[in-house]
């Protein structure tokens, strides 16, 4: 990966990558405490010349961390006032003791609280886990847990899991709901600054529908798994009484709770209306962290009791000692209940991401991963989400998100994709730890009730994880556009579009341009398909599929038919892909034949070593070796053995040539498709913007495994300007060499209207929305777009 770079260019990215690998290893193994691991960049980055100590230290108290600090102060205030208990118990009393509606109400209440508080605090202070524990239930409702009825036990299992799962699902609904969301917001904030496409309101608009869908799926699945279709039990009245008694124990709503509610609502309103009121201040001065810290300071000032109450006044007068009214928040509560470890953990993730950006590692990954453009977006989203879903069961969600978010963002930029399309699924997937008790504190809390088994959590969580991945693929590509900022609408159109030429008669494409190799690829595929079918027929009719004791060997039959289906399909895709001139159809053949060639190479090497060993060892050793490979125990079998091995090498050579030929054919088709797409974009741009000059340039260098470099083949090089507000200057690219301009029939036509947007989030520029000719003449032109 780093072979093409000199030492000086590679030193800082390699040092940053080394620090990330060390931190990832410590986070995975928990060799040292997680917050301590997060402090490694403070000394590692300066020692390795990645960043200065002042720069890396300032990241630990970034604006995103201040948002988390303010939200945690609010969470501690809610917890100390027991407001969350009142909300949860009131919801459960409303739903009643019907297990189905009780679970639904429990999930809704838990998810709502988890939107604003940490998942751990939400689960810890939920009444159900404590009621369900055998130590606390003796005086309330022994019959529900200690009864011989297994159905009651299963109901409580479902209720416990619904709490843990709903706390994780609700955490993704807001930017402050979980550390992964804060890490994601910090990543975009550090790159795009004031043009950050993610705001508190836009994130809620995108994430809340996800929360609702996942809650419904979770409710249906847990109901099916643990409750079933049963009638209401008379014992449900015990649960109603228990919940009502607990709610009455809270008493009437107190002044402290009212103060916390009003402060909480004020914070939410400030966050959601920031795009409106922040314009009254200097640009880039006011952020969501400003609102969070303002309300946090007020909580340390506002009294927890009504200072105008007659009882409070009498108590202060009668008390001889100096006494003051307690405030809503105190530093004692901060020491006892504030999650300082999470603050450092987030800071470590921010420092890691900042080092990736400033060391140049992100650009290096972007350039090296540009070869993944052949991978469809939905495939990459599913693959990356599955990996993160697996790793987050064993690591912290913040640590997992901090590692994967910069990586997938670089891949998105390399593919000229909206980074949010890749980053959001990874961010959400890192928060869903459903399958193991030790994966996250909420799981451990509900597991401590000593009712659940690990198998219950695995069975319940696996289906939810699969549902999440499918949900991402079905909704993410269409809904992410809601997060895109509209602040780019006032930019003028580009002035020049540079198209890289493509010549089918070039030396490297001569054979492919003449179609001889394309026809050869079709013949190879037809030959391979015929061999596959013949092997299937031969094996099916010669193998003994039935045994009088075991019956039909179903597994072998299914495996043989799968072999036939896969073999025919991959060869058929080559034929269709070459005929339709679509490179993506050749990908299954390349993947499968790569695995086959590697496997057969290892097998041939192993057989060769056995043959050589048989020639230098004693005859009885040779007999033993020959029996291992299913030959008769005679010394006369060595020549046939060598002949068969030689035949295997011939087959391997033919398969390798087929693989190389199809790979080169796919490279040619990819280059041709990219150039045709660039020409279409140029024509559409020329039609919509008659003033644009379209020229050809051969600038660019580099190669890829299955495709040519972007400047040579004609794909868009610069990322979408909505996600790169600083705008890439022309100095970042090689100076184009203008040749004969691309002619368009609209060249001589005049137009009085100019578009107001030049967003490249789509390759095709949008339609002009209104006339703005005067504005265009007064503003400097945008940089050239290279295609």
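In case you wondered, yes, glycine gets a Cβ from its N, Cα and C as well.
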Candidate ranges 619-640, 641-662, 663-684 [criterion: TrEMBL lists as transmembrane segment]: 641-662
Of the residue ranges 255-273, 312-330, 483-501, the one that TrEMBL records as transmembrane segment: 255-273
Range among 234-254, 444-464, 696-716 that TrEMBL annotates as transmembrane segment: 444-464
Segment-segment contact (the transmembrane segment (59-78); the transmembrane segment (520-541)) at 3 or more Cβ pairs under 8 Å: no
Stretch contact, the transmembrane segment (376-408) with the transmembrane segment (338-356), Cβ-Cβ under 8 Å, 3+ pairs: yes
